[in-house]
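If you look up TrEMBL, you'll see B:576-590 marked as compositional bias 'Basic and acidic residues'. What TrEMBL records for B:451-564 is domain 'STAS'. Per TrEMBL, the feature region 'Disordered' maps to B:575-596. Taken from TrEMBL, the feature transmembrane segment applies to B:20-44, B:50-65, B:72-92, B:98-119, B:131-149, B:169-193, B:214-234, B:263-291, B:303-321, B:341-361, B:368-385, B:397-425.
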Number of protein chains: 2
Amino acid sequence: MRRYFPILDWGRSYTRDTLISDLIAALIVTIMLIPQSLAYALLAGLPPEIGLYASIAPLVIYAVFGTSRALAVGPVAVVSLMTAASVGQLAQHGTPEYLGAAIAMAFLSGLMLLAMGVLRLGFIANFLSHPVISGFITASGLLIAAGQVPHLLGIRAEGHTLIETLGAIVGALGTLNPVTMALALPTLAFLFWSRSRLKPFLKARGLADLPANIIARAAPVVAVAATTLATWGLDLAGQGVSIVGDVPKGLPMPTLPPFDLTLWAQIAVPALLISIVGYVETVSVASTLAAKRRQRIDPDQELIALGASNIGAAVSGGFPVTGGFARSVVNFDAGAETPAAGAYTAIGMALATVFLTPLLFFLPKATLAATIIVAVLSLVDLGALKRTWTYDRADFAAMAVTILVTLGIGVEAGITAGVLLSLALHLYRTSRPHVAIVGQVPGTEHFRNVDRHEVVTAPDVVSIRVDESLYFPNARFLEDTVNGCVAKTPALRHVVLMFPAVNAVDASALETLEAITTRLAEAGITLHLSEVKGPVMDRLARSHFLDHLTGQVFLTHCDAMRALAPDLTASTLGATRRDTHRNGKPDRGLDAAAGL
Amino acid sequence: MRRYFPILDWGRSYTRDTLISDLIAALIVTIMLIPQSLAYALLAGLPPEIGLYASIAPLVIYAVFGTSRALAVGPVAVVSLMTAASVGQLAQHGTPEYLGAAIAMAFLSGLMLLAMGVLRLGFIANFLSHPVISGFITASGLLIAAGQVPHLLGIRAEGHTLIETLGAIVGALGTLNPVTMALALPTLAFLFWSRSRLKPFLKARGLADLPANIIARAAPVVAVAATTLATWGLDLAGQGVSIVGDVPKGLPMPTLPPFDLTLWAQIAVPALLISIVGYVETVSVASTLAAKRRQRIDPDQELIALGASNIGAAVSGGFPVTGGFARSVVNFDAGAETPAAGAYTAIGMALATVFLTPLLFFLPKATLAATIIVAVLSLVDLGALKRTWTYDRADFAAMAVTILVTLGIGVEAGITAGVLLSLALHLYRTSRPHVAIVGQVPGTEHFRNVDRHEVVTAPDVVSIRVDESLYFPNARFLEDTVNGCVAKTPALRHVVLMFPAVNAVDASALETLEAITTRLAEAGITLHLSEVKGPVMDRLARSHFLDHLTGQVFLTHCDAMRALAPDLTASTLGATRRDTHRNGKPDRGLDAAAGL
């Protein structure tokens, strides 16, 4: 029970102090979330009230199922962009079909997350490497910011890619609306300034931390109120300023997503991508915050919590939600101690939905665009490209491809290309296990890489030390290595594979070992193993491999050499050397050998 | 030059003896290839002469570019089935569009293989694990055999899946053609018998090895000739026996594949799958045969050779080809010494195309169906399911899913599901690196797993030994492990990560290490590293990680403990124990520890 309902855990020890801390945090997050919810709904191509709806039920549900004490769930920029990108291919903006597809997306994504949680498939998030997710968020931030620029300028310009959007903006520059710009640009500047400078400014003027914090977080609300008032008072809508218009008042009605299998099939892949991207963001925020207070989150339970939240979003008429980075940090900094803070935030949002919506009629869309731009530009991290280039070229390639494809083709193509490329690069790297040909260090029972150490070998025995577990990505490489040794050593009679670092041998690698045995046997060469670990040996014993093995399994490599090359071991223990290798090539095997 | 044209290598030392060996092998392979080429063309849904065309130019081209001395290239069953499955979705059987799409498939697949070869992407074949390819070939064999049964019974029955096909056969049983069956079933029995028994039978009767071999290989040709003669002589076509009919005489004209981008986009994924499946089959046959004679093949050059062969197939009006298992073994056993044998086979096939095609008019399709069934049933290996189940459940799951999806949905879905599942399982397995918490073996400088050995630890220091390289699939696990230690050890002041087995740290793992450092610092805990290998250290030094590292990097773990827990090391070297751990839980860490 407690595994699936963490509320049973923290709910028992809920005190008055905790309540006060949670209420204060909820107040601050609510203030921050009102303009953001409206803005992200617009970003997703949906009516503004949908953003409010998506910030009520999911928060209550997360409070019941979530294991993070500080995560704040709701609409976020990247997921909203992904929703817009995929739903936009299926239906026209502003139609009931568009809204229905967005709701279905939340529902399907919720089901997928829930299923992954129950099946404990949280490891699927490992498919997304850091460079890919970081590149994807940077590119999404740029795309989102560029898409909002027309709202600031009072022009109409749309595009699916960054180039298209920028081109459309340049093309529409002739239709600039100076009134919109006069309203939007100061708002943008104020938001940028208040984001980082307002709190220190207030504290420097003697305000205490808590009120300074609340006022700083309220800056976007102040911007919303001021620009709405200005638009109403000066009748700016009549001068070409786009306004939000009618927002339905009241709480959302329970709805069911459209059960249309064709639609579900069309949104299945985007829903999966949204689920995984949202989950990765959630887990990374949640575990960062948990670690700060020496708490833990349960990644599989987070899947369940996020899945249930998205289903909650869908049945209350909302769109896909996830744990937001900025608002979770704000929640944490404001002192939220339990997920109950999220439930109180939901109450705040519900009150806003009931009482504030009539006041939003004159809210300029430019203000929301400015809110979005300020939020997403903090996600853009182009410096990561340079850091990754310095550190690892393969990771840089994955990041660069993710960014370029996201900007140039689209979000789904971008994340897919990044994942596939990083998997391919990973397979490439792991397809070459460390393998070293070893010889005996004279006078000792130690064996070291022949390319790096002065060692002796017998002309008719090759000892190959395998430094990694054998799986299908690297099975072929072992085969090639053995074939290479056989082809270049005509006198060869015995091959010994040393397995001190082999923790597992999968079925592909087993077949490879069988193939190697058979081929060596046909060429008159015997295959032996040495230093095989217990669990690997147990598993090999369950197959027919040991029956077909032409040679023996030696406990230590020294035993193997004593049996196969008795002259050699006798002579080197007597310190006579023959067949000595030495060269100074740099070789990754050195450190592996040193580690033994 | 020699890398790309292996013919320059073996061509220099070509002697009269080699010529004779190659000619004999070519004769035997030609005899085998004539009925197979016709049959596989029908299997691919193409006119029979296309099979002959695909067995001329590709063989000559492979002789120039191939590195295997014995590989016989041409149409094969599985690739023909895959071609039929994907082309069948785009065009009607028997239309010029169908033929055009098959030719385009050969061309595009050739281009892909060529590109992979030039870019040295042979490792992509590692995506296909043994259980997946073995399951796929078994399922394909069953699908192909079921699809040929109607030809034996003289009925019309088609289906996309095994169930559909069997259902259609049962439904059409009322229209059985007894004449066709009377012709087909004895042919099938004869082919099965001659495949394994004819050669021993002839040798037991005193025939020498070579003529016995040639006659045994000629059995399908005998079946073709006998059934054709019977059909002609007894006018069986008038009694409902399907015949091949008019086959155009003469060599193929050079053609260009249709350059239609829509078509190419539609066949891109199937072409990639065909390329990879064909390549994996080629490389496994070629390397098996090469090893028997202590030769080597170059997997990247094989991509180029196979790519060029497929382009050759396309421009000579053929369909996708690859290295066939059975015919390569026959070629090898018959004594082929160089790829020239393939070129001589091509001459044989060209002569057949010019002179034999008129004789094929009365050839019953049932004979070709019997040829196919005998060939593909040898590919079916249901025993592999049981062997894999005993050995490894994850590999069994990948194999079973591949078989079920291939049989139940289709070949493309089957191979894709198998690849994705095996990759997911691989990531799952590699997402949990070996990590052990270690303590000091009293009185020594050795450190061992606390769960498996009697060791001492300090209450404020946790030592975590990481037994694998750190990559994005396992970075999160390390994070979880460290978080877990922190959450359950309130007195913790130092965490030491021991890296003796870490050969690489990718950018994702680096970010994880940075995140761990920051979080530990916020909780007042210092992070240290010990026993970091040279190349890993060099790379870490290129990032900012070492600047942010709150602790130190120790050369040995003993140095770390001397610095961080001086009391402990002093006391244990004096053999006083405190805080001793011991329990008998089975733990994968044991062997890792024993390996150190």
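The backbone N, Cα and C atoms fix where each Cβ goes, and this holds for glycine too.
No curator has checked TrEMBL annotations; they are predicted automatically.
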For the transmembrane segment (B:303-321), which stretch among B:98-119, B:169-193, B:368-385, B:397-425 has the most Cβ pairs under 8 A?
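It is B:98-119, which has the most Cβ pairs under 8 Å.
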With a cut-off of 8 Å between Cβ atoms, can you find at least three pairs linking the transmembrane segment (B:214-234) to the transmembrane segment (B:263-291)? Only pairs 6 or more residues apart in sequence count.
no
Can you tell me which parts of the same chain pack against the transmembrane segment (B:98-119), counting only residues 6+ beyond its ends and a CB-CB cutoff under 8 A?
44-47, 50, 54, 83, 86-88, 90-92, 255, 257-258, 260, 263-264, 267-268, 270-272, 274-275, 278-279, 300-315, 317-321
Which sequence positions outside the transmembrane segment (B:20-44), separated from its termini by at least 6 residues, show Cβ-Cβ distances below 8 Å to it?
50-52, 54-55, 72, 74-77, 80-81, 83-84, 87, 102, 144, 147-148, 210, 213-214, 217-218, 220-221, 223-224, 244, 319, 326-327, 330-331, 334-338, 340-342, 344-345, 347-349, 352, 356, 360, 363, 365, 367-369, 371-372, 375
Give the nonlocal contacts of the transmembrane segment (B:397-425) in its own chain as ranges (CB under 8 Å, at least six residues past its ends).
81-82, 85-86, 127-129, 131-132, 134-136, 138-140, 142-143, 160-163, 269-270, 273, 277, 384-385, 388
Report, as numbers and ranges, every residue of the chain located at least six residues beyond the transmembrane segment (B:50-65) whose Cβ falls under 8 Å of a Cβ in that stretch; write 'none' if there are none.
4-7, 33-34, 36-42, 44, 71-75, 99, 102, 106, 251-252, 301, 304-306, 308-313, 315-321, 339-340, 342-343, 345-346, 349-350, 352-353, 357
Could you check if the transmembrane segment (B:263-291) is in contact with the transmembrane segment (B:368-385), meaning 3+ Cβ pairs under 8 Å among residue pairs at least 6 apart in sequence?
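No, the transmembrane segment (B:263-291) and the transmembrane segment (B:368-385) are not in contact.
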Is it possible to list how many residues within the domain 'STAS' (B:451-564) are helical, extended or coil according to DSSP?
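Result for the domain 'STAS' (B:451-564), in helix, strand, coil order: 54 helix, 22 strand, 38 coil.
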Taking only the residues in the domain 'STAS' (B:451-564), give me the average pLDDT of this model.
87
